[in-house]
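Worksheet for the structure shown next.
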């Protein structure tokens, strides 16, 4: 059509550009869809406050344990609200031991609240479990001794020394860490980089280079065609010029008869043969040299014949030639 490019190189550039645009738009759309999907898949619970504001996910503790005692005696509004929820559903959210709580977490929408040390130990050995949020409360462990025991101060000094030297941390890493879980992949959708869409830029560059070569080829081919056409035209012109020159040599030496003289018009006639026509030819008078040598002239061609009627034939200059 009139809107489409005619040259092959221009069509290649247009096709490559539309292909490049299509891939870029498709990649952007796919990445945007993945980004929105990841946002919806993120966990809605990130802290104890989020847990207290909803009722879809149940949560509980070990019945009559230290964690239950903490929620029962707390004065913090968030934890007090959580305790009201657990106490109202005591028979459905309270568990008898830690194993039962872990099983409910793995099989239903349930959050289990317990000591952070135990949570670290369990999550190191089961990669399907994770800790949400920070610590709810902080408590310390101690070693009890009888009143007035001489070992109290020695045990205290030894524990402080192990803590300062970092040996308590090393022992925790040794006994708490299990086989190790693979690092969790980032849930955030990454932006498109050169490594993701670099290939389409290579295709675009290759298409542009190809179109340049095709354009050069078209230019050379068109130039060759134009040169051949001009050469043929010059040959035709030379041929016509030679024919005209040859025709001019054949007619050289003969006078040109005007068009008016070539037309046979009737003349005024007198005598018996009125209305009849006779034909004669006009002959140039002999020159003195021709008369002296007795040379004869050939009669002129039919193009120089004049029609005469009864009377006097005249040439184009009005001179009398002869009578009939």
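For all residues, glycine too, the Cβ spot is worked out from N, Cα and C.
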When you get a sec, could you say which of 12-36, 37-61 is annotated transmembrane segment by TrEMBL?
12-36
Same-site L-glutamate binder from 115, 120, 164, given that TrEMBL records 66, 67:
115
By a Cβ-Cβ criterion of under 8 Å, what residues six or more beyond either terminus of the transmembrane segment (197-221) are in contact with it?
7-10, 12-13, 15-17, 19-20, 23-24, 27
